[in-house]
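> Quick one: the structure is below, questions incoming.
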Amino acid sequence: MTTTDSREPAAARAGEVWKVYGTGEARVVALRGVSAEFERGRFTAIMGPSGSGKSTLMHCLAGLDTVDRGEVHVGGTKITGMGDKALTRLRRDRVGFIFQQFNLLPTLSAQENIRLPLDIAGRKPDPQWWDIVIDTVGLRDRLSHRPSQLSGGQQQRVACARALIGRPDVIFADEPTGNLDSRSGAEILSFLRASVREHNQTIVMVTHDPVAASYADRVVFLADGAIVDELTGPTPETVLDMMKRLDTHAEPVML
Amino acid sequence: MLRATLKSLLARKLRLILSGLAVVLGVMFVAGAFVVTDTLSKSFDSLFASAYSTTDVGVTAKPKVAVSEFEGEEVVTPLPASALAQVRGVPGVKSAAGLVDADGARVIGSDGKVLTSVGPPRIGSAWAGTDDLVQLREGRGPTADDEFVVNATVAKAAGIKVGDRVGVLTLEPKKEFKLVGIYGYSGDRDSLGGVQEVAFTEPVAQKLMLGQTGVYSSVRVQAEPGVTPEALRDRIAATLGDGYVTKTGDQLVADTSADLQAGLGFFTNILLGFAGVALFVGIFLILNTFSIIVAQRTRELALMRALGASRRQMIGSVLVEAVVIGLIASVLGLAAGVGVGALLAYLFNSFAGGGMQLGTVGVPLTAIISSFVVGVLVTVVAAVLPALRASRIAPVAAMQDVATPDRPLTKVSVAGGVVTAAGATGLGLGLFADMGDATLWTILAGVLVSFIGIALLTPLISRPVVSAIGRLFSWSLPGRLGRLNSGRNPRRTAITAAALMVGIALVTGVTVVMDSAKASLKAEAATILKAEVVISGDQNGPRPPTYDPAVLRDTAKIPGVRAVAGLWNDQVTINGENHYVNATDNLAGLKDAFGNTAVGTPSTLRDDQLAVSVPEAQDYGWQVGTKLTIQPARGDPREYTIAAVYPEDSLPGSYVLPVAAAKDFGITQPTMGFVRLADGYAVSQVLPQVKALLADSPEVSAQDAQAFVDEQAATFDTLITMIQILLALAILIAVLGVINTLALSVLERTRELGLLRAVGLGRAQTMRMVTVEAVVISVFGALLGVVVGAGMGTAVTRALKSDGITELVLPWERMGTYLVLAALVGVIAAVLPAIRAARLNVLGAIAHD
Ligand SMILES: Nc1ncnc2c1ncn2[C@@H]1O[C@H](COP(=O)(O)OP(=O)(O)O)[C@@H](O)[C@H]1O
Ligand SMILES: [Mg+2]
């Protein structure tokens, strides 16, 4: 029974966020006044053509990058203007990450990689939650393996487990299935969705794949640095439709 | 191909600078050695040219005992007034002046201490008035027997002024003189080459410096116009006959300068030693850098191979890179070497030489040639292995994502084992077999080869040891990550650590030998020295400290003193060979001081008798009753009969002569004294009184036997400290290696660092992680160094057993210190790479490919 309490802050929120790279000739406006809310316990996908600013938006939301104008909140906390120390702690304690590739430390075993954020913080995992996470990602018999001994899909599952283990306010995933075959990709997406449904996790996922986006509860469409539309309860077909429309819609803008 | 090589060189400036720095340092010392020698030689030449500017021909008497530069000072044989008269009678002589000057005039400063000298002599001379060279600055020349003048260097160092009464030690005990003048030299110089000079009236100078009046140390001759110095020299030599040395002014300049330059040889050798160590360690660094570069460029190199570059071209490209680095390092090293050489010449001049006018800095051709040869050669040698590795990269590697895995270590380890064994064999041969003149070189080569062998074995050892050391830091996550990182690349870790090993092994080895020698000395002294009080002093110049023999007589009268024996010593020739001999005024007392173990030795020696130690007598086939002809530094040869042959260590040294012989020694006063107490008396009752008697002999002091032995042993500590300073350089270079390795590791792991930072690793934690890696590598290197050094030190110590080093001391405390220092070194080396890692832009790092 999760009715959205209007006073409970969103897991992450961008308000009028601008991001500009470079100057002069090389000036690129990656985000032009993006405002978006990502509610708790929801799986949101950010979609858009390549170069539309998806990754930039995610990096700004996650405190990996600074914004030029506007504000970003994670939970109830305004992170815009925070120093490196505070941002590092925020990422460590309240944010989880899944990158497209190179997610794991080659020197550590799967188990150690999963525990990494907790170890950095000097915390112990909750054993019950640990078991749940490990069983969800199905890695129990692979825990002592090094990343080099795991397949790409397994590695990405380890990265998911790592993101989940600290029960962060929000998990950001940037094209988590981009490097995987469709079966491994589907596995990952299924338990990302499961962790939202069953454990009330909040996930924001960047993707350009309509099938991946259809696993989400809601899809936000980005084009040329601005949010142009959104969709709730997406299916691959509705997402593809929307994308097609955006492409034709975007063309005059691109001129 | 060449262009591609040069381009990639430029792209990696920083790490090449770091690795090239070792070569720069090495070349710097090589060039510096040549430059300082050349500069000082030229300066000496001009100094003596000035000092001998008024001398056409110089005459001295042949020394009775010829002594080499390293054995001490030659004693001036006086030249009788008759010889001076003879010279004056030689046709072509315009003027001949009898000069009196000899080393050994030691001024007691206003603080009551004797002026010391680190090299230049302390000359006492006869005042010959002012001339073009010598200029009075204040007061007048000495006219009475108790007056004297000093040069400005003495006046300044002693803190004395005209009118002061000043004590001077000469061949005779302390005498007081009134300072009536201070002089300098043309060109406003305080001294000629740092020489401390005092001048008395002629008879006083003759008495105090040469031992008798009416004699001279040399004759300075000026030729009449039209007579060449060479012709005049030959005429004078013919007139005087044998027994005299006659040289032209030019010869004197050349010979005196050459003598001093021979002394500089020692200096040069130290610098070249520095250079050798720096370059040896530098090879490890360069090898490591090139290996890493080749590994990082595997895909690039494979692409070149795929595009048709031959193996030979691959080797060539790496070697060209090495040559370029070697050339650059040589140029920089040469420039730095000129600077260092000039600086050293300046320092030498200011502190040891004093007031010499330095010539222009000389950069001899040898300096330039050797700089380039050494710099390029070392770099290229170090790059050969990486070049071969580059040539073995398969073209297909260009298409593969993963870097080619490290080849197994078996081959390297086998090679390492073989090389180590060869090195150890060389070391063993040098130490235990009789190799004659080749001994030193065999040992050095053995040490060097062993180092290389152990360095080859290091990767194998590194896995277990590094992980064991790392466990010490594993209590925190950054520590654990650091530990894991240090174990990732055994070869790289190993070579970095091996560079550190060399310096620390050398320090440890020397420390083991020194500490063992020290302990042996103490143990031996405790068993053989039975005197309760010892009179002795620090040797602070070319001649030993002395004291007034009257002290011996007065000490004997102190209640509670059972016996007191003074010791004189010098070099003499015995049957034509040079030997150190002792003389004593109280053989019975000396025997007592050494525990009365000199069995069969009489209690006194007649003036024509001597005692010889057993080994010496055996060597020469002498026995009691054998007659020996002894030529002391002064006077005529005399025949002595062996009165006793004493067991080794039952009396000091190998020869003991009666005190009467000492009046012809170069130094006619005693240098040491031994006091035995009567039963029932304590040292504290006697020592203060002996000290009081020595008030006028400031060069020596009296102390109890334990303090004396400790003081003797302390010289080893000074030596250890000096060697530690010398080898600190090797360690410094190794630190560059650690910095280099870490910087490269940080660079390689950019993405990992980004990931870690993204998931919440703080800046401080990141720095800790890098620091732990550095500390683990450093401690590993130090541990290896300590173990290898202790092993080598033990071997050397054992080999020296028959030479008197009977104890074996492993200096745990010092070795512990080296380990702690290594950890510190790691922390320091980590600073820059750690900051770099912590400053990394997280996003940029994740995107890094
Ligand atoms: N570090 C950067 N410097 C300059 N331009 C950048 C940088 N990062 C992204 N951009 C530009 O910003 C725009 C948005 O990029 P990005 O957020 O990566 O897009 P997406 O993830 O949707 O493909 C692109 O035009 C891209 O070229
Ligand atoms: Mg992107």
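Even glycines carry a Cβ here, placed using N, Cα and C.
Feature table excerpt (TrEMBL):
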| type | residues | note |
| --- | --- | --- |
| TRANSMEM | B:16-36 | transmembrane segment |
| DOMAIN | B:18-238 | domain 'MacB-like periplasmic core' |
| TRANSMEM | B:270-294 | transmembrane segment |
| DOMAIN | B:274-395 | domain 'ABC3 transporter permease C-terminal' |
| TRANSMEM | B:315-348 | transmembrane segment |
| TRANSMEM | B:368-388 | transmembrane segment |
| TRANSMEM | B:409-432 | transmembrane segment |
| TRANSMEM | B:438-461 | transmembrane segment |
| TRANSMEM | B:493-514 | transmembrane segment |
| DOMAIN | B:493-692 | domain 'MacB-like periplasmic core' |
| TRANSMEM | B:725-747 | transmembrane segment |
| DOMAIN | B:725-841 | domain 'ABC3 transporter permease C-terminal' |
| TRANSMEM | B:770-795 | transmembrane segment |
| TRANSMEM | B:815-835 | transmembrane segment |
> At a C-beta cut-off of under 8 Å, are there same-chain residues at least 6 beyond the transmembrane segment (B:815-835) that contact it? List them, or none.
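Those are 500, 504, 507-508, 511, 731, 734-735, 738-739, 742-743, 745-746, 766-768, 770-771, 773-779, 781-783, 785-786, 790, in sequence order.
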> With the transmembrane segment (B:16-36) as the reference, which stretch in B:409-432, B:438-461, B:493-514, B:725-747, B:770-795 has the largest tally of C-beta pairs below 8 Å?
B:725-747
> State the residues, same chain only, that lie 6 or more residues beyond the ends of the transmembrane segment (B:438-461) and have a CB under 8 A from a CB inside it; answer 'none' if no residue qualifies.
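For the transmembrane segment (B:438-461), the sequence-distant neighbours (Cβ-Cβ under 8 Å, at least 6 residues beyond its ends) are 280, 284, 409, 412-413, 415-431, 490-491, 493-495, 497-498, 501-502, 505, 784, 788, 792, 796.
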> For the domain 'MacB-like periplasmic core' (B:493-692), what's the model's average pLDDT?
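On average, pLDDT over the domain 'MacB-like periplasmic core' (B:493-692) sits at 89.
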> Using DSSP, tally how many residues of the domain 'ABC3 transporter permease C-terminal' (B:725-841) sit in helix, strand and coil.
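Each residue of the domain 'ABC3 transporter permease C-terminal' (B:725-841) counted once, the result is 101 helix, 0 strand, 16 coil.
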> What does the DSSP secondary structure composition of the domain 'ABC3 transporter permease C-terminal' (B:274-395) look like, as residue counts for helix, strand and coil?
103 helix, 0 strand, 19 coil
